[in-house]
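A short write-up of the structure that comes next.
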Amino acid sequence: MGSNSGQAGRHIYKSLADDGPFDSVEPPKRPTSRLIMHSMAMFGREFCYAVEAAYVTPVLLSVGLPSSLYSIVWFLSPILGFLLQPVVGSASDHCRSRWGRRRPYILTLGVMMLVGMALYLNGATVVAALIANPRRKLVWAISVTMIGVVLFDFAADFIDGPIKAYLFDVCSHQDKEKGLHYHALFTGFGGALGYLLGAIDWAHLELGRLLGTEFQVMFFFSALVLTLCFTVHLCSISEAPLTEVAKGIPPQQTPQDPPLSSDGMYEYGSIEKVKNGYVNPELAMQGAKNKNHAEQTRRAMTLKSLLRALVNMPPHYRYLCISHLIGWTAFLSNMLFFTDFMGQIVYRGDPYSAHNSTEFLIYERGVEVGCWGLCINSVFSSLYSYFQKVLVSYIGLKGLYFTGYLLFGLGTGFIGLFPNVYSTLVLCSLFGVMSSTLYTVPFNLITEYHREEEKERQQAPGGDPDNSVRGKGMDCATLTCMVQLAQILVGGGLGFLVNTAGTVVVVVITASAVALIGCCFVALFVRYVD
């Protein structure tokens, strides 16, 4: 056993706790270059998000989508994501692919993003070339475009959970924190580049004339960036399949051994058990002791048991999910209506006037400036994610979490009360603070919770382990699906508020109020590990 564990390229990483079957294992320190490569997925994802934000409304309008169907487009994707995120997250915890647990899901969702972009940016052009009947052409163009938007949104929202779980699987605790900061950094860079390319008038450039329309130009760039970024990401750090843990290790029955999860690990809080093939031999021996029992456990994991695990999650996980929901509700309330706010309130344009009127042209100018504001948000998100590494040593995760919500709440409040072009653009930098906070701090807290639970198991080896089917994939997915729930709340509630108040100012004020409520929640209810 000892000689096998000492083979080249395979080292044992033990905790400082007492030796025993509950020893944690720590993957090696990852080079910064590998963490940057891992973060390229966030760059590609956010680039494509920015392209969608800039072009999806013009695309939907150009194909003739009735306004009555808008709600279906924006509701279907988050509803599907909210229902399926924990299911797929748990399935990835138990995936036995030879390529690892997370990468097969990331690759599949990346392909779905690419197909979705191809459908909503090129679908109408392809349909026009294939169908001559005007009525059938309209129906098919709308259908293909809607399917593309829903497919892209679903995959892009979904993929964040597996990417985070992949990072947690293969990195040490310190590298997880560094990796999350790099994720936020490249998220901002990707969004900024996407908004900048979307602001270029491609119709008057050679590339635009060569490819046909600006929609095809943006698909070319999106497909290129997404393919390159995800290829680099998937090759960044290797994953060991779960079956490799038990390879070449004889089974050893122990009557008092606690039940194992389907992947041969003590499931709840399993973030530090076996990662990237670096195996504690005593732990691996227990993990391999009864393969048939593990397979039966995996097959017994039903949707009912999964929902039970979600309902019975520990209170500190539940509070973290609620705080994440509050934060994303505030953030999306502002971001989804920000360009319209700039056009109508700051520039005092009218989107409902004739398209050749002065009021409509002023509104369009406001929308363009609003896009530059979103670009400022992305740039400052990247900058703040870099400074987070310095700030966390002074104010901790609680200070970072509270500060992000507070600055966003105050900034959006000032924008709503005093709408001015220059002050609004300056305050857009605070949107970036909130964005970086939402992408890093909650997931840092997840790693802290898992690390704390691992230490508790080491200190009490005779205690009963948690028998739930929870794992880090499910925890990341549950946290991520709060984004979909926030989209559902925003899509269903803000339209009613705007119609009732008669102005989009209510959107910005609502975002400010929700963020300030979130300040109180993260300070009073979210638990922080010392």
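Even glycines carry a Cβ here, placed using N, Cα and C.
Per Swiss-Prot, these features apply:
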CARBOHYD  ASN356  N-linked glycosylation site
TOPO_DOM  1-46  topological domain 'Cytoplasmic'
TOPO_DOM  90-110  topological domain 'Cytoplasmic'
TOPO_DOM  132-138  topological domain 'Extracellular'
TOPO_DOM  160-184  topological domain 'Cytoplasmic'
TOPO_DOM  206-216  topological domain 'Extracellular'
TOPO_DOM  238-318  topological domain 'Cytoplasmic'
TOPO_DOM  340-366  topological domain 'Extracellular'
TOPO_DOM  388-398  topological domain 'Cytoplasmic'
TOPO_DOM  420-425  topological domain 'Extracellular'
TOPO_DOM  447-477  topological domain 'Cytoplasmic'
TOPO_DOM  499-504  topological domain 'Extracellular'
TOPO_DOM  526-530  topological domain 'Cytoplasmic'
TRANSMEM  47-67  transmembrane segment
TRANSMEM  69-89  transmembrane segment
TRANSMEM  111-131  transmembrane segment
TRANSMEM  139-159  transmembrane segment
TRANSMEM  185-205  transmembrane segment
TRANSMEM  217-237  transmembrane segment
TRANSMEM  319-339  transmembrane segment
TRANSMEM  367-387  transmembrane segment
TRANSMEM  399-419  transmembrane segment
TRANSMEM  426-446  transmembrane segment
TRANSMEM  478-498  transmembrane segment
TRANSMEM  505-525  transmembrane segment
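Across the range of the topological domain 'Cytoplasmic' (388-398), the DSSP-based residue counts are 11 helix, 0 strand, 0 coil. Sequence-remote contacts of a segment are chain residues at least 6 beyond its ends whose Cβ falls under 8 Å from one of its Cβ atoms, and for the transmembrane segment (478-498) they are 71, 74-75, 77-79, 81-82, 85-86, 89, 157-158, 160-161, 164, 310, 313, 317, 320-321, 324-325, 328-329, 331-333, 336-337, 442-443, 446, 504, 506-507, 510.
ASN356 (N-linked glycosylation site) counts 7 other C-beta atoms within 10 Å of its own C-beta, drawing on all protein chains shown.
Touching of the transmembrane segment (47-67) and the transmembrane segment (505-525) is ruled out by the presence of fewer than three CB pairs under 8 A, sequence neighbours closer than 6 excluded. Sorting the topological domain 'Extracellular' (499-504) by DSSP state (H, G, I as helix; E, B as strand; all else coil) yields 3 helix, 0 strand, 3 coil. Tertiary proximity for the transmembrane segment (319-339) is limited to same-chain residues at least six positions away from its ends with a CB under 8 Å from its CB atoms, namely 313, 366-367, 370-371, 373-374, 377, 401, 404-405, 408-409, 412, 431, 434-435, 437-438, 442, 445-446, 449, 478-479, 482-483, 485-487, 489-490, 494, 498, 504, 507-508, 510-512, 514-515, 517-518, 521-522, 525-527. Look at the topological domain 'Cytoplasmic' (160-184): DSSP puts its residues at 23 helix, 0 strand, 2 coil. Tallying C-beta pairs under 8 angstroms between the transmembrane segment (111-131) and each of 185-205, 217-237, 399-419, 426-446 places 217-237 first.
Mapped onto DSSP helix, strand and coil, the topological domain 'Cytoplasmic' (90-110) counts 12 helix, 0 strand, 9 coil. Below 8 angstroms of C-beta separation, residues 342, 346-347, 369, 372-373, 376, 414 of the same chain, each at least six residues beyond the ends of the topological domain 'Extracellular' (420-425), sit close to that stretch. Assigned with DSSP, the residues of the topological domain 'Extracellular' (132-138) fall into helix, strand and coil as follows: 5 helix, 0 strand, 2 coil. Residues 337, 340-341, 344-345 of the same chain lie 6 or more positions beyond the ends of the topological domain 'Extracellular' (499-504) yet place their CB under 8 Å from a CB of it.
Helix, strand and coil counts under DSSP for the topological domain 'Cytoplasmic' (526-530) come to 0 helix, 0 strand, 5 coil.
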